[in-house]
Amino acid sequence: MQPEARTNRTAVTGFILLGLVETDNLQPMVFVLLLFAYLVTVGGNLSILDATLVEPKLHTPMYFFLGNLLVLDIGCITVTVPAMLGHPLSHKRTVPYAGCLSQLFFFHLLAGMDCFLLTAMAYDRFLAICRPLTYSTHMSQTVQRILVAVSWACAFTNALTHTIALTTLNFCGPNEVNHFYCDLPQLFQLSCSSTLLNELLLFGMSFIMVGTTVVLIISSYIHVAAAVLRIRSAESRKKAFSTCGSHLTVVCLFYGSGMFNYMRLGSEEASDKDKGVGVFNTIINPMLNPLIYSLRNSDVQGALWRVLVERQSLT
């Protein structure tokens, strides 16, 4: 930390990330677990993405959105975990101020995109089950691209707004972040100026994003459930529900942890509970998503098996 001119709002040139654990004896074990989680997540998501690209049966709108979701999961864990892995190797936990803002921006960009993309997937299920005769028209390739483009635009606006708002705060010490990546609630606690407006902005935008998307998702699935229950065949009902089960599981995991982390007012003290939610958001969720979408989906399992067999035959 060095004092700077009054024209510069920030007196802190960098932040010290305390990480998941502060005990040196636990660092090697944490490093191995994080590396394993990262490799499994990237490998699992890339495998399913590969299967959806090479299997013609999976060239549908649902799997188009799923492919985008898999890319987002890879990006989300890459924003946080590689930097964490580098800290024990370099014996440095300091992150430059600009680097901290960049990490925060990309994390909120990808998380926001997740939020909107899950809503698009719910809309796709609504059209497929409740409006099957007009599905191909209402979910054409043009519509799919528009939904993804609008999702990126909304997520970008949200992330940029929070990043710019953070630059208005004064940071004059201490600069130790009780977390393993830079995020808004933890940085608010280090500000030596009022964070009320920033907290209201975070709560308000989170409420709008989460409230709007949750209402749309719930509305879609109310119509889906009503349509499925009208199906006479038990086998057809089971198949219809199974196509929605994986998506609903991911939605519950994503929104549950996100609402706990961001939809709260007041600068609460950072705790291990915040770190636990952070681990869930950035590591566990991206690692579980490939399993959720493949374990109960025979089409994905078959495509993965064929990709694996083809690779073995080539070697």
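Cβ coordinates come from backbone N, Cα and C, glycine included.
Annotated in TrEMBL:
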- 29-51: transmembrane segment (TRANSMEM)
- 44-293: domain 'G-protein coupled receptors family 1 profile' (DOMAIN)
- 63-85: transmembrane segment (TRANSMEM)
- 105-126: transmembrane segment (TRANSMEM)
- 146-165: transmembrane segment (TRANSMEM)
- 200-229: transmembrane segment (TRANSMEM)
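Highest Cβ contact count with the transmembrane segment (105-126) among the listed stretches 29-51, 63-85, 146-165, 200-229 falls to 146-165 (criterion: pairs under 8 Å). When pLDDT is averaged over the domain 'G-protein coupled receptors family 1 profile' (44-293), the result is 86.
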